[in-house]
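A.B. asks: Copying in the features that Swiss-Prot gives for the protein in this structure:
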SITE      529  site 'Essential for primase activity'
SITE      531  site 'Essential for primase activity'
ZN_FING   825-864  zinc finger
């Protein structure tokens, strides 16, 4: 309707100018009565004593001249969207002197005068869209008095509907308060904003025009608090000194909006430069966008940009050179470019702490080597070992501790690991280990699942490699099999798989074995547990091989930070978890290589660079995190099969490098509850740099190459190159690996947040003169309890009637019931309604006299994110005044 009316208005004005080229001015009108009724009275020529005021107009020269003028009265459109902001409703001829008084002196024009000089043809075109809807007709009427009679009679018969339509189409008010509150309460802002908004071409909101008016002219003029009537508003507008500057302001608005569009496009381009190219998680992406826009548009930079684009300086700004993007810190851009790019990440953001030491030893070679075939009895598994359950471990270590109190071994798994790490016969180790083995060897500790029980085994002589040689069937009958391609060779390697547990613990150790990580011993082989969630099952052999090659490249790149790496010769062993066994009636033809439906599981093992060892679990955790970041950058390989990878921590498990954690050995099985064997870790050949794969496969079935704390043949061979017996080479011991820029987006985001006082408890006690628990009891808890009653179900509110408070840290107060330890979950209804939920209050202060208290809970249920803290509500409290 607005578009049709606007077109009619333009044609009407052209017709009037052809007939009588009078100067025409548009004015926003208002009446002290009901504008819709008065407008209807004008159109129906009904007697009325009403008058019309000019609230704003587009005559900026303060001079109309002699003769007559054509005045077009307008009303604000209720929903203009992108169309005209005010629409014409009346057009009439007016004496120049009366028009001068109407526009510039605030004198109203009587309705009778308007009726006498009304332009009937123009008015009919103004309201043709509304009348065609009311009469359900689109007939073209004639002009002149006949047309006016037709218009008059139509509106007369449909007066009620016409008045309602006018009220829906136009913003009609009976006082100037809407105008003042919308366009500004000072003279300068009101005149500039209202004139530009209603009568000039622009594409912006009133808020934008208000901001630009303050940039255009800092002086405000008089306050409009005394303007109470349309007469006052009309007088103020017509006599304002800023009316003549509206064209200048309109030109500035055009320049400023064009500059803002240029700057906005430049900022978006700068942000999207990294946004679309880097593998960012959703959290990192949010932080990155926040930081980018904050650097461009923070208060200080925005004020600087506003100063450089004010009316005095905007013409001097280079037209095609953005200003705001220059505010982005070059260091921030450089860090983004290098941190999320594989080629520069390791070089610029990873730091390694190391020193050179003599006598760095892991497992004793005798403990992981096979005994004589006769001693082994031709079988597999452990040849010399001690095994027992938890109670046996406790009894053994208790006896040793009674005989050797200086050993200070704890009677649990940790003590067993400490005992296994002892190997110096000249010290206390010999005497401590006498009850186990004749030689005090540094030996591994394994976990074995047997008869639905967990056994811990300390092994000092092992025949596991012989068992693997019998279980793994190589394509030796094929001539030249050593030179096959990796993928083809993988398909030709078969296993004599077992289905059930074996009859003796010694034999079971050959099919079910997990190595415990021992922080008392240095690490020589990097063992990685790789689990990649899959979008859907069905991976081809070539796809899995491509993933392995990509991961191999990342592993070798990370190892290159620790020492020299020959990428062609350095072995990286891959062992893929066997797919679920097919159903008996499932056809084999067309079956993909990998049918794993939940995840792709790999065990990845590689020796550290020559002469390098790692002590402690922290560097290994850091390496796994770094590798996770590297792997997540492989957009082309992994994103299609695992769309959620950017938001995950990564496919590598970082929790296997702590005391008491173990990882399953290659070529072994998982044992299910029915004592069945499943998920065999099968060899997956991936050694593209070598034409001879026989040595690679042989080493992949050698125990010393697959354990955390044993020196592999490759490591020892490289470490001894060029070293004389008189001057043995020292070992480079890595004690720390640090990603110096880890979480730098989060850290920089936190730096931009309001500063919090470091010790909320001290501030509260200092300002209130009470200890923290007393203040919480008397001041904070009543308000917290009020919110609990308001927002938490009644059946869970009663448990908070009698509580006590425990001061646990500088900003945490734990809430406990008077009876019992904890509460029932207040977030969800669990079937097991146990009182295991912790409730606590967190204190936060970033203002001198105010503290924010947040009620939080921790529920152990999986439905509540497994003990993840959850905030329920926050309340600000004044430390002085009524809250005190």
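Cβ coordinates come from backbone N, Cα and C, glycine included.
So that I understand the layout, could you describe where these features sit and how close they are to other parts?
C.D. replies: In the three-state DSSP scheme, residue 529 (site 'Essential for primase activity') falls into the strand class.
Shown in sequence order, 599, 600, 601, 602, 651, 653 are the residues of the chain, 6+ apart in sequence, with a C-beta less than 8 angstroms from the C-beta of residue 531 (site 'Essential for primase activity').
Note on the zinc finger (825-864): DSSP counts are 3 helix, 20 strand, 17 coil.
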A.B. asks: How many other Cβ atoms are found within 10 Å of the Cβ atom of residue 529 (site 'Essential for primase activity'), counting all protein chains shown?
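C.D. replies: Its Cβ shell of radius 10 Å holds 19 other Cβ atoms.
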